[in-house]
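Pulled from TrEMBL:
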TRANSMEM  59-77  transmembrane segment
TRANSMEM  89-112  transmembrane segment
TRANSMEM  157-176  transmembrane segment
DOMAIN    297-364  domain 'Sphingomyelin synthase-like'
TRANSMEM  308-333  transmembrane segment
TRANSMEM  345-362  transmembrane segment
TRANSMEM  423-445  transmembrane segment
């Protein structure tokens, strides 16, 4: 009996390794490990441009090189290139959709900036913004070091884009669920939807800028309002009796004042844009030159496009990776929001709306890519399908039948290989080159914020 008892005694479990090395290993293997350190290092090293430009010039190229070499070295050993290949077409479609949304937004930004004329921009008073009042009041109460931190340009638009790109590339190291092109497709599709909603919002009602000097410094738009505004806005802008009458009659009855004529260049098939973009002789020979100068516009654009990018990046990190780095990114989003308000690039309402719109849009596009393990769901579905067969095989003690059914369950969760290895390798090389090119272009085009 004693021998039997000793034979059934549980084996002692091996103790987990202790010490500093084991603690560091657990930290890097847990949520917010190596990828979080790399993201924090990127933001920190880039901020050195303000603290020590010399060190920034040394460390930033080294960090870029290290990240690029790590991704290139890991790419040949990545096991999910077939999944990336299946996600390629939706990825390219989302790029085209996003570029189309950006084009629509650029045309609309130019329209709302030019339709009222330069004189209106100079005379229109900014809207009262209680968020701006609150920040000015806090400047008087908080310690100077805290105020300096709130004013610091810790993170800007291109940082958020780079943080998402780092998240996408981390699929090579197994940090997020494959395919990486899947989360990129979701990000760009959501961005395009958000930009289109933003365009419809700021075109619907034209709001004055929080920076009244912006239009005169950035554009060469006509001083007088557009003919549409001359007829439908100017006569009813300030006269209360005229406003009452137009509400009662619902007809634009007032006579239009005399204004200078509109400049109408010959743009061929694109001449329909003349009434929308309102060009002037000194702004370039084509409509494309005007759109390149559209930038962020000189009206208040409801809601903030910068904040939309920041929120989508934070949502992607929160769902795909989590950990302390996601909390840190959300804190940076709040820092960016107060700085947008503090520097009067946007009103407070623009940042508030951008935050909840970005959150809701990201949650609505979960059908494109999700952090949930689809292979586990397929295995569970297959297990439900063969459950009765497993029960009968167990009753009959048919071990071979049980093994075969369990093999079917395991294969149900694996990716189907329908493409040759050579084609997958060619696709992998093309994907790496194309993505790195997009990285360079994104950082170059957004380097000015």
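Cβ coordinates come from backbone N, Cα and C, glycine included.
Curation plays no part in TrEMBL annotations; they are all automatic predictions.
Here the domain 'Sphingomyelin synthase-like' (297-364) returns a mean pLDDT of 94 for the predicted model. Within the chain, the transmembrane segment (89-112) has long-range Cβ neighbours (under 8 A, six or more residues past its boundaries) at 181-182, 184-186, 188-189, 191-193, 195-196, 198-199, 202-203, 206, 273, 276-278, 290-291, 294-297, 299, 301, 305, 368. Across the domain 'Sphingomyelin synthase-like' (297-364), DSSP classifies residues as 53 helix, 1 strand, 14 coil.
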